[in-house]
Amino acid sequence: GPPRIADKVIHRQSVRLGRTIKLLCPVEGDPPPLTMWMKDGRTIHSGWTRFRILQQGLKIKEVESEDAGTYICKATNGFGSTNVNYTLIVIDDASSGKDSQVPEGSNGEYEDHSGKQWARPRFTQPAKMRRRVIARPVGSSIRLKCVASGNPRPDITWLKDNKPLTPQEIGENKKKKWTLNLKNLKPEDSGKYTCRVFNKVGEINATYKVEVIQRTRSKPILTGTHPVNTTVDYGGTTSFQCKVRSDVKPVIQWLKRVEYGTESKYNSTIDVGGQKFVVLPTGEVWSRPDGSYLNKLMITRAKEEDAGMYICLGANTMGYSFRSAFLTVLPDPKPPSAPVPPSSASSLPWPVIIGIPAGAVFIFGTILLWLCQSKKKPCSPPAAAPAHRPPPRDRICVSQLPDKDCISSINYEEYVAQQQHLLSQGPALAPAMASKMYPKIYTDIHTHTHSHVEGKVHQHQHIQYQC
């Protein structure tokens, strides 16, 4: 199950300045949990020289005022995690006034004749003293700090390889006696430098190891595998990094190859090996404890034009080295639609594209329906037409009464002429047509003519007949 607290915890802890304290983390679990410690939200690691993470808890040596705060032990296994919280209070004896006088020589605190509380020395800037092994090239400078306080005010002496340094080597400026300045370093300046800080109450010390590196006539070297080829989503963020080893601080610069035909986009380019490159803004160069230097190139909101070849260039006075890598930018999942030239055939509006075929279908359907309607009633050609009579243009309706649908396929005037012709034939035609057509006797024929304002003239002829 998840880790659990196996013992009672006193969450409020106090310690005197300069002493050692151990904060326990009494947790257990199956499987056994892994633990990590945090102070005020920051993870404690091996770089915190006075802090040591043990299996049972956290040990802090030579407690400083800045060590006060909130500590969390986080225990985690595959089933969950649990926290053990502490609030650490650091008591400064010089200001508390709670301690009574103690015998001299016990390395404790006591009062002088004025009644002021005395305190052993302590370093006031421990964060600036964490780097105790320092490597510098010949001709460079270095500053070793041992700023301390105490009551009475402590004194300081500097030693090199356990031998006191002369006042000339230390410097005569008393205001800077807490800092040892070593300028224009030479190979013989290498060694161990120790500061001894003491007063009547006690003594503390700190040792630095200084290594002066001979200048070598060599150019910088790019270590590791970086930069490496990288792929990023469109609009995403990525980075290239470059690690350079050099005996002096190098200049690290990033270049991007300019693709052929895009030179006009950039204000200035440089020519390297027959190819054009643009120099990119460079961020801060970080110095690492192993003597190398690190720099990163950030690429935010990646676009298609960010893709291409990038070069990390490390240079010093002896030469330069470089390494290249490629960036691939994945395409935009929602690219904007390209406008179509108005001259193309597809530029017609969609109502026109749809309307033209629909209109054609409608017209064709109307004609087809009209033809079908005209064939609904039976029609037959005349039986015995005389030789001198011209053939009719269309069929003759045989219904008893003239119908608009039957005679719509011929001109109305032609229909009237045909009827009058039949009447003029009289009995000669009647026997031949007796079986198919009834004789028609007209009783009244009159014509109406209408004139309109627009200048149009319409003529209507009314025919009344009997069978």
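Glycine is treated like the rest: Cβ placed from N, Cα and C.
Quantities reported herein were computed from a predicted structural model and do not represent experimental measurements.
Positions annotated as domain 'Ig-like' by TrEMBL: 3-89, 121-211, 220-328. Annotation source TrEMBL lists region 'Disordered' at 96-124. The transmembrane segment annotation in TrEMBL covers 307-330, 350-371.
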Tally of residues which DSSP labels helix, strand or coil - the domain 'Ig-like' (3-89): 3 helix, 47 strand, 37 coil
Taken over the domain 'Ig-like' (220-328), the model's mean pLDDT: 85
Residue distribution over DSSP helix, strand and coil in the domain 'Ig-like' (220-328): 6 helix, 58 strand, 45 coil
Three-state composition of the domain 'Ig-like' (121-211), taking helix and strand from DSSP: 14 helix, 45 strand, 32 coil
